[in-house]
Amino acid sequence: MGGVASQPREWAHSQFSWLYGDPRHVLYPRNSTGMFCGIGLNVAQPSVFYFDILKCATSINVMAAVLNGLQCPTTQVCVEKCPDVFWALNPLAYLPEAKPQDYFNQSLCVPSFDLASTKLVSPILFLRRFVNSLLQIAMVVSFLFLLLLRFIAPVMVWVLIFGVLAVGAYGIYHCWWEYDNYRKSTVSITDIGFTTDFKVYLQVKETWLAFLIIISVVEGILLLTLIFLRTRILIAIALIQESSKAVSHMMSTLFYPLVTFVLLVVCVAYWGITALYLATSGIPVYKVVTLNSTQGNCGQIGGNVTCDPQVNYSWCPSARCIFIKYNNEGLLQRNLFNLQIYNVVAFLWCINFVIALGQCTLAGAFASYYWAFSKPSDIPTFPLSQAFIRTLRYHVGSLAFGALILTLIQVVRIILEYLDHKTRAAQNPCARFLMCCLKCCFWCLEKFIKFLNRNAYIMIAVYGKNFCVSAKNAFMLLMRNIVRVVVLDKVTDLLLFFGKLLVVGGVGVLAFFFFSGRIRLPGSNFRTEMLNYYWMPIIVVVVGAYLIAHGFFSVYNMCVDTLFLCFLEDLERHDGTMQKPYYMSKNLMKILNKKNKGPKKGKGKD
């Protein structure tokens with residue numbers, strides 16, 4: 001498929017960067033002679049020390065005509081460790097005739113802050129321990145929530161639906177109350193006109209009347225949907241319960257996001273290292289910077305002159321040989337930008353492929369659950385491992401092709417963003433409108449391709465056909481059941497949103513009460529005085545809890561989508577006879593008034 005044809009080019013691109021690149025220029029600092037600190041002869045001195053740091057701030061204008069970036073023209077030496085106390089040179093050392101090295105040993109120390117005697121280990125250990133504990137709580141809550149959906153899904157879905165209707169009803173009442181208060185007012189919206197103070201619009205009756213009409217229409221649509229689509233809502237609830245059963249029989253699927261995360265880290269690391277080698281593939285260029293051209297024989301040194309950092313300019317004490325850039329001459333160096341673009345495209349392709357691999361693997365595992373006639377006895381042994389091996393053996397080309405289509409659309413979106421950023425100042429209203437429409441269209445196209453790819457990967461896992469055929473079959477199947485698709489999608493989104501809100505909000509509130517000192521755990525020596533800013537660990541806990549909840553719920557969402565497609569296929573291909581029995585659960589058959597006409601299903605739990 002598409003991934004195979006580009007392997008030689010990708011290999012040549014990576015080979016060039018790894019052969020000619022030298023990431024030491026980025027990973028290690030240099031001293032004034034150009035030697036690296038932390039490797040080679042300076043392996044025991046990993047840090048670089050700026051002899052006179054003030055020159056970094058006072059010499060910017062002097063070097064602006066020579067340098068492409070900010071450099072510091074002061075003596076730099078490799079040291080074993082940075083100073084653990086603050087110090088300052090004597091002001092006399094900055095006189096024109098003074099030599100700073102004569103004052104170096106006479107610097108004044110500030111004894112009020114000594115890093116060597118500061119105890120930082122204990123608070124960090126406590127902080128790490130409690131952050132990990134709160135993240136483990138998020139994992140346990142997410143896990144229990146998914147398992148309990150098997151029993152509480154009907155109650156929770158109906159509570160959420162009627163909760164939304166109750167919020168809408170209160171919105172109608174509040175808008176009517178506000179409209180009644182301003183109904184006798186003589187001020188209308190035409191008297192106000194256009195203003196940036198939107199609070200003014202809330203003081204006229206027309207605004208609340210418009211809100212009242214909009215919320216009433218939405219509330220009416222929701223009520224009609226609830227009345228006429230109640231059967232499809234029951235189907236969605238039954239599929240959610242069935243998904244919880246499937247997850248409970250395949251607990252390993254909840255931890256598959258860790259595999260995806262590791263593979264994504266590998267992709268990011270490979271892209272980053274390759275980009276680093278590409279960026280450092282040129283030869284370093286050094287130029288002479290003279291701060292005082294009247295001192296000594298400095299006038300003999302012309303401007304914009306390249307130099308060797310190991311040469312000592314003894315006749316000009318103020319001359320410094322400063323690193324400027326990497327040489328961009330030569331055919332390969334001039335094409336580094338194109339190679340970086342190709343590296344980004346390959347990175348996006350790898351990311352999309354890893355995500356596709358995870359979706360197809362999970363779909364294969366959950367499909368094996370649905371098509372097991374007698375559950376759980378007919379469920380294959382190690383279904384997740386079998387699905388992963390089967391996907392790698394038979395479906396890599398299809399996944400790579402689907403990932404390539406998505407990557408090309410993402411590249412077009414990146415190009416549009418780049419063009420919009422570069423030409424924004426020169427755009428007229430018509431051009432801005434056209435650019436906005438293009439960006440919106442490709443954003444919608446990317447969302448549609450993601451939706452289509454996801455369902456195509458499910459069909460690939462079920463039937464083993466190629467990407468194009470699977471995408472077509474999945475799309476036509478969904479279009480024939482579009483109402484069921486919309487209802488299931490919205491009900492699942494509502495339920496999973498509430499689950500994420502429960503996990504993230506609950507853990508976030510617990511973290512706030514703990515790190516702000518409002519509650520203390522028994523036997524804990526942690527004190528809020530150890531933290532200078534307690535919001536930072538709270539943010540870390542909230543973000544970590546969201547990532548954990550998202551990982552768990554993404555598996556559950558994939559299970560719902562897989563079982564839904566299998567359910568639709570089951571309805572169209574089977575009729576309940578002995579030759580074509582239904583594989584759906586008894587609950588689903590009861591909702592649809594269907595049953596198998598042959599012998600009863602196996603004794604396994606359904």
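Cβ coordinates come from backbone N, Cα and C, glycine included.
Keep in mind that this is a model prediction, so the values were computed, not measured.
Per TrEMBL, transmembrane segment is recorded for 130-149 (among others).
According to TrEMBL, the feature transmembrane segment maps to 155-176 (among others).
For 208-229 (among others), the entry in TrEMBL reads transmembrane segment. Sequence-distant contacts of the transmembrane segment (208-229), counting only residues of its own chain at least 6 positions beyond either end whose CB sits under 8 Å from a CB of the stretch, comprise 161, 164-165, 168-169, 171-172, 175-176, 178-179, 182, 202, 483, 487.
The transmembrane segment annotation in TrEMBL covers 254-278 (among others).
Counting same-chain residues at least six beyond the ends of the transmembrane segment (341-372), those with a Cβ under 8 angstroms from any Cβ of the stretch are 3, 9-10, 13, 17, 243, 246, 249-250, 253, 256-257, 259-260, 263-264, 267-268, 270-271, 274-275, 278, 378-380, 383-384, 386-388, 390-392, 395, 399-400, 402-404, 406-407, 410-411, 414, 453-454, 457-458, 460-462, 555, 558-559, 561-563, 566-567, 570, 583. Positions annotated as transmembrane segment by TrEMBL: 341-372 (among others).
Under the heading transmembrane segment, TrEMBL lists 392-416 (among others). Beyond its flanks by at least six residues, the transmembrane segment (392-416) meets 1-4, 344-345, 348-349, 352-353, 355-357, 360, 435, 438-439, 442-443, 445-446, 449-450, 453, 456-457, 460-461, 464, 466-467, 470-471 of its own chain at Cβ-Cβ distances under 8 Å.
The transmembrane segment annotation in TrEMBL covers 495-515 (among others). Panel annotation: around the transmembrane segment (495-515), residues 130, 134-135, 137-138, 141-142, 145-146, 149, 153, 156-157, 160, 240, 521, 528, 531, 534, 537-538, 541-542, 545-546, 548-550, 553, 556-557 of the same chain, lying at least six beyond its termini, place a Cβ under 8 Å from a Cβ of the stretch.
As annotated by TrEMBL, transmembrane segment applies to 535-556 (among others).
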Stretch of maximal Cβ-Cβ contact with the transmembrane segment (254-278) [cut-off: under 8 Å; candidates 130-149, 155-176, 535-556]: 535-556
Within-chain partners of the transmembrane segment (535-556) [C-beta distance under 8 Å, separation at least 6 from its ends]: 127, 130-131, 134-135, 138-139, 142-143, 146, 149, 243-244, 247, 253-254, 256-258, 261, 362, 496, 499-500, 503-504, 507-508, 511-512, 515
